[in-house]
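The structure appears right after this line, and notes come after that.
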6 protein chains.
Amino acid sequence: MRSFNRGALDLRPVTLTPGVSRYAEGSVQVEFGHTKVLVTCSTEERVPPHLVGKGTGWVTAEYGMLPRATHSRNQRESAKGKQTGRTMEIQRLIGRSLRAAVDLASLGPRTFTLDCDVLQADGGTRTASITGAYVALVLAIRSLQKAGTLTKPPKLTPLAAVSVGVVKGEVRVDLDYDEDSNADVDLNLVATADGRMVELQGTAEHQLFDRKTLDAMVDGGLAAIQQLVAAQAKVLG
Amino acid sequence: MRSFNRGALDLRPVTLTPGVSRYAEGSVQVEFGHTKVLVTCSTEERVPPHLVGKGTGWVTAEYGMLPRATHSRNQRESAKGKQTGRTMEIQRLIGRSLRAAVDLASLGPRTFTLDCDVLQADGGTRTASITGAYVALVLAIRSLQKAGTLTKPPKLTPLAAVSVGVVKGEVRVDLDYDEDSNADVDLNLVATADGRMVELQGTAEHQLFDRKTLDAMVDGGLAAIQQLVAAQAKVLG
Amino acid sequence: MRSFNRGALDLRPVTLTPGVSRYAEGSVQVEFGHTKVLVTCSTEERVPPHLVGKGTGWVTAEYGMLPRATHSRNQRESAKGKQTGRTMEIQRLIGRSLRAAVDLASLGPRTFTLDCDVLQADGGTRTASITGAYVALVLAIRSLQKAGTLTKPPKLTPLAAVSVGVVKGEVRVDLDYDEDSNADVDLNLVATADGRMVELQGTAEHQLFDRKTLDAMVDGGLAAIQQLVAAQAKVLG
Amino acid sequence: MRSFNRGALDLRPVTLTPGVSRYAEGSVQVEFGHTKVLVTCSTEERVPPHLVGKGTGWVTAEYGMLPRATHSRNQRESAKGKQTGRTMEIQRLIGRSLRAAVDLASLGPRTFTLDCDVLQADGGTRTASITGAYVALVLAIRSLQKAGTLTKPPKLTPLAAVSVGVVKGEVRVDLDYDEDSNADVDLNLVATADGRMVELQGTAEHQLFDRKTLDAMVDGGLAAIQQLVAAQAKVLG
Amino acid sequence: MRSFNRGALDLRPVTLTPGVSRYAEGSVQVEFGHTKVLVTCSTEERVPPHLVGKGTGWVTAEYGMLPRATHSRNQRESAKGKQTGRTMEIQRLIGRSLRAAVDLASLGPRTFTLDCDVLQADGGTRTASITGAYVALVLAIRSLQKAGTLTKPPKLTPLAAVSVGVVKGEVRVDLDYDEDSNADVDLNLVATADGRMVELQGTAEHQLFDRKTLDAMVDGGLAAIQQLVAAQAKVLG
Amino acid sequence: MRSFNRGALDLRPVTLTPGVSRYAEGSVQVEFGHTKVLVTCSTEERVPPHLVGKGTGWVTAEYGMLPRATHSRNQRESAKGKQTGRTMEIQRLIGRSLRAAVDLASLGPRTFTLDCDVLQADGGTRTASITGAYVALVLAIRSLQKAGTLTKPPKLTPLAAVSVGVVKGEVRVDLDYDEDSNADVDLNLVATADGRMVELQGTAEHQLFDRKTLDAMVDGGLAAIQQLVAAQAKVLG
């Protein structure tokens, strides 16, 4: 039996709580089952060096995990003096995904930084982060529009992310930590509700995967993403 | 008028929500007004090198702040590759304070690590951290007692912390961010309900302080700490 | 016209020169067109902490690029004092891929380290690295067998890697640097000759991709990988 | 019996030797018994970013200890690649204290950096540093006045620092290393000769302290500071 | 018998292969026996801060070694997060030597960076690097002259480098790794063909050396350098 | 006219003050004119990993400079988070030189660490450090003999170091900072009183040097070293 008593292609209960930060231009707490991520979107009136003078905006992301977000405590990255390869890989993925969600040129010369901090980790922290980050980004854009800083509404492409895997020979969607640790294949998918893909990262953990399995995983992932985009839309009104 | 419509010697509304982490041995979310800190206590069956073979336990603390806990975004310490002097100073203060709260010898050869992560910062993050850390530590101890790992109840000294300052010529307790930025004198006090002191750190920000002012600040701080220790006791049952 | 006067689904000229290092247990210089990577496989009679006492072996990889491997000079990572996120992402990918190429248990308690150093970069450095690393790994295994250190032949799964992309509306295989910089979609594929997949990483660079495009990219990639595995087999005899 | 055959509230022999550096704008070697600190004050015609354009000056401090300043050798911080939390805490304390000693606005847009390097450590290195730093700062100011760089004499607030503690149940002033290691309570006080306080940092080492003990420690500390400020005045003429 | 069947004062076979990099302004692969170094010279139209506005150019060098260039694998410096003292010492030596090879003023306000990366190490990597770097520098200068960036030919001082040592009581030139590990005295010499010296670094490894030995080593070194400069001249045409 | 009114081949006034540290096993303050270095020798009853179990001892050195030892202030290396190439080069030179001064096998399995900290720098800090380090090492050895830790007197080779250079066309010994900045050739020599050499490092700063100049520099250096070794002998009794 899967956690939350759900079927192989079902998501865990998903919660998106907007406005959790008193200070950030946009914010949301996103929960996929027991996984909880606090996402803030901060804006700055400047862009990275390679974009100076081009008039276009930038979206970037950082990812972190509280030391005891997990079953056992991990060393704090600031104390170690560097971010792990895993952290860098995830924040690069979040950044690329969110840059696909908005027409950067329409943002004007400013930077939107998405901080995704995992308060509790039970699998799927990167997909929850991306799903929440879309909401935080839109809220930050709205707050700039309200303040008159952004006058033209930027063109948005709603998107969300989900993990899929093969566990005990079965394709399953939105793996929790136990399933993730035992998956034979692991795939993270970022896409729109109409099935256009942004990122697709599949990994053979203990078993190579054939074309048929890939197809089944993509099918399951795209269906789940439709529900996640619907949940985002509900919160964003 | 002070925030939350309170008098010069009043605390902001204080909330202590225990058990917020599914995995940590002890945890609490502590709020002093808009300041929110997530505190977890993690236990490990080993001690630092200087205590190996002595049979005694250890209590240590780490402190962090989410990049957008504050009015404007701060660079992530893990991305900078080092902790700031302020962070180190605060986590050393929390660690010393909590070591005074428990008889280390009675903990057995194990380490209790208090992670204090500031989700939102509106002044008093170090005093809220200490106040919450006492609760998280006691909960972790109880969880080890329940599991049979700790058989004899350790001797505890309940303690809490509060900031005091001189703002516009007036001694005030539990400063929020605006007051803190404008305080002439700033004092952090860690103490027990019966007025025995653990840490006292007073700083002349814009104005030196005389003996009379010190006395008034200590009076105000000790009175507030009585209330904080009462709030802890209520939560701990 | 593509570089080397080739069709959309053709590889660049591929060269695998084994035995280029006088000291390493296994080595190869791999070239995909103008991209040149020197791969060595070094063995050590010990395993990482998490495998001590389990009898199983380990395969890991590191990736680097000479400062002037590229069109303009990049700062040396050792001088910067840290590896970039890109470097970490690539070396994690190489390591995971090669661990799928061999039955770790059959290696005995020893570590095989694949160092992939890019001498010249014209696109596809990570796929050339993986393709070469398989050769270097097999050569190192053979050298240990010859020396009598490894007595039972480990079970191997030949695999190779190729990049695929959508450039000017066309699915193309093995992109060079110019194509890579202008690709709308970018996909790296690691697989066996019979089409079982190890890693699949697709990214929408300037344009989301639909299911049909994904299918065409996977088709093109798998066909190219058949040729790469044949080239490896020829070199390995 | 205390070192140097002194009473509980007596200082160790204090020496202030000005002008020990041939190059620094101001310098002094300060000795509190066997504790020896070389303090230089360097001036620069620029200010930190947050003060640019405000016309005001800045005073900052750095603290270091030679590896064999202590009973046993400590690892060199430059070799470790980072400063310890203790070092950071101390240099922040020295900097804050010295900023209280001078009207920053009257310094003009320049920075005074106080380097306090401990040549030999027998307790009280931070209080000796602050006491010496005041002398070095005044000498540097005078040297700038002499050179005509500073035309108006800045407003100065003479101050000094001393440690106080409870050792064997007795309040003692200016602890040496042995006393410091065995103190039940430890307090560092920075103040003026007329009893106005700049910094007050009290810590319960092995025993909480009550109000009466605090009062006795502050009394002892303020009396000692009168003597230290007198010693400074004598040297400064 | 020495490697390559040579006499005490003979060089190993020396190869200089120019133009090995498709992108660098100048490049060469230099081999001294089994020692192989890839040297590139990159140019940039800017100078370090201390030369801005002076119209003069700059030449600098960086040195690295692939992890498995040596008999056993060394940890990658980028993974360690810092360069070793040995690496820094060598790259400072290469930089100083090459700055002596060209009239910096005649280069105009631009920087020439020599990257010397050791692909295989069998002794003499620093002397091979310097010998190759001179070739790469000249090739880069020529490429800038051809492009019209440099209009006046800079004044050059051809130079090369060789190691000399005392092994088994005998002065030997161009030591390989085995000889180097067993040398009693070790000397690196950088000079011109007509015997003017640029750098001379002699070290007593296991035995002090007298004046007569120094003289014999310098004699042997200068003779070998004549041959190396001739080899450079042949390649440079 | 040279500083201290001396001839081209004369040393500056040299002072060696032994026993300046209350805690170190051996210590000396060495002054070459205005250059002042505090040298301590610390002993530890263990050896580096590569010597464990071999019964032999080790001698190593570290070098540092106080931030304002020089005419203008340098950034503190511990604050920068790394040692410069110059620092590493110098401490490697000191370590190698001192290992030549004593028969390591006779030291037993212990490490002697020489900390050379420059209090004031007016040229020749590395040669003063080596000259002082020999004294500190001998004092530490004697202190271990006195304590009975070392029972057999180790075999010592007295040595010292001096800088030589070509300034305004003249060979000069023991350059001060002004001369050093303007030298055309710069040579550091470490040797014994009877002219056996340990280290010889010559560098063409603005002008290549021929054989005759090298000879004159070595002559001048060796003569000066005789005087330095005599000064050491006088202090060591």
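Yeah, the Cβs are placed from backbone N, Cα and C, and that goes for glycine too.
What TrEMBL says about a protein is an automatic prediction, not a curated fact.
Cross-referencing E:Arg68, E:Arg73, E:Arg76, E:Arg86 with the phosphate binding residues that TrEMBL gives (E:Gly124, E:Thr125, E:Arg126) picks out E:Arg86. The maximal spread of the phosphate binding site, taken as the longest Cα to Cα distance among E:Arg86, E:Gly124, E:Thr125, E:Arg126, is 13 Å.
Within the model, the domain 'Exoribonuclease phosphorolytic' (E:11-140) carries an average pLDDT of 97. Other Cβ atoms within 10 Å of the Cβ of E:Arg126 (phosphate binding site), summed over all protein chains shown, number 25. Between the candidate binding-site residues, E:Arg86, E:Thr125, the densest Cβ environment within 10 Å is the one around E:Thr125. Listed in chain order, the extra residues whose Cβ falls within 8 Å of the Cβ center of the phosphate site residues E:Arg86, E:Gly124, E:Thr125, E:Arg126 are E:Tyr63, E:Ile90, E:Val118, E:Ala121, E:Gly123, E:Thr127, E:Ala128, E:Ser129. E:Arg86 (phosphate binding site) falls within a helical segment according to DSSP. Long-range C-beta contacts of E:Gly124 (phosphate binding site), restricted to its own chain and to partners at least six residues apart, with a cutoff below 8 Å, comprise E:Phe32, E:Gly33, E:Thr35, E:Val162, E:Ser163, E:Asp174, E:Leu175, E:Asp176, E:Asp180.
Applying DSSP to the domain 'Exoribonuclease phosphorolytic' (E:158-219) sorts its residues as follows: 15 helix, 28 strand, 19 coil.
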